[in-house]
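Q: Structure incoming, see below.
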Amino acid sequence: MKEALDSYMDKIREILRSYERKDKFVMIGECGLDYDRLNYADKETQNLVFPRHFELTEEFNLPMYLHSRATGPDFTRIIKENRHRFPGGVVHSFTGTEEELNDILEMGLYVGINGCSLKTAENCEVVKKIPLDRLMLETDCPYCDIRNSHHSAQFVETKFPTAKKEKYTPDKMVKDRNEPCTIVRVVEAVSKLTGQSEEELCQIAWKNTLNLFQIQ
């Protein structure tokens with residue numbers, strides 16, 4: 001395993017070093033831990049591979065696009081051990097508890113919100129507690145849309161026409177497939193939860209995005 005991992009990391013380094021347009025690389029990721037999908041990789045493998053990504057962030061001074069799902073204390077522990085090695089990052093598709101939110105904030109990271117983050121009433125209460133200067137908005141398409149069964153659906157006004165994949169036409173979205181345009185639905189829901197106008201919320205999220213990606 002170690003030899004294979006060393007070889008893989010060397011290949012990634014070579015790509016990053018040789019690419020002519022280095023400004024095209026803006027983050028390292030998506031990487032992290034996911035204990036809901038152990039059929040892809042067991043906990044031991046994930047805990048071996050995830051920390052190696054910090055080698056890249058340290059060498060190339062890039063922020064991280066982070067994933068954590070049902071990981072208990074492991075994700076926070078690994079981030080804390082390596083926080084000095086990367087300039088910043090966002091924990092995307094956040095669905096954690098208020099305690100987990102506080103851990104992320106204490107480490108100086110941003111919090112990414114999408115439809116999965118707005119599924120339950122408990123999720124929505126946690127979203128309300130995210131400081132605006134740490135908030136980022138996303139779709140995670142083609143997944144994580146806001147569905148009618150979600151608690152946040154009551155706050156969403158925009159609807160898009162859909163059709164089954166077999167009956168697709170350019171003027172409709174594919175049914176049950178999320179798309180970038182649905183970011184407006186995330187904005188509507190988070191706007192209602194935070195009390196910020198949609199325009200203010202977009203400006204805040206845009207500013208946070210520029211800060212994270214170190215864009216002047």
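Just so you know, glycine gets a Cβ as well, placed from its N, Cα and C.
Unlike curated records, TrEMBL annotations are generated automatically.
From TrEMBL, here are the annotated features:
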type: BINDING; residues: Glu30, Asp140; note: divalent metal cation 1 binding site
type: BINDING; residues: His67, His92; note: divalent metal cation 2 binding site
Q: For Glu30 (divalent metal cation 1 binding site) and His67 (divalent metal cation 2 binding site), determine the Cα separation and express it in whole Å.
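A: That separation, Cα to Cα, works out to 7 Å.
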Q: Looking at the binding-site residues Glu30, Asp140, which one has the fewest other Cβ atoms within 10 Å of its own Cβ?
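A: Counting other Cβ atoms within 10 Å of each of the binding-site residues Glu30, Asp140, the minimum falls on Glu30.
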Q: Select one residue from His67, His92: among these binding-site residues, choose the one with the most other Cβ atoms within 10 Å of its Cβ.
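A: Within the set of binding-site residues, the most crowded position is His92.
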Q: Could you tell me the C-alpha distance between His92 (divalent metal cation 2 binding site) and Asp140 (divalent metal cation 1 binding site) in angstrom, no decimals?
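A: On Cα coordinates alone, these residues lie 9 Å apart.
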Q: Sorry to bug you, but what's the C-alpha spacing from Asp140 (divalent metal cation 1 binding site) to His67 (divalent metal cation 2 binding site), rounded to the closest Å?
A: 12
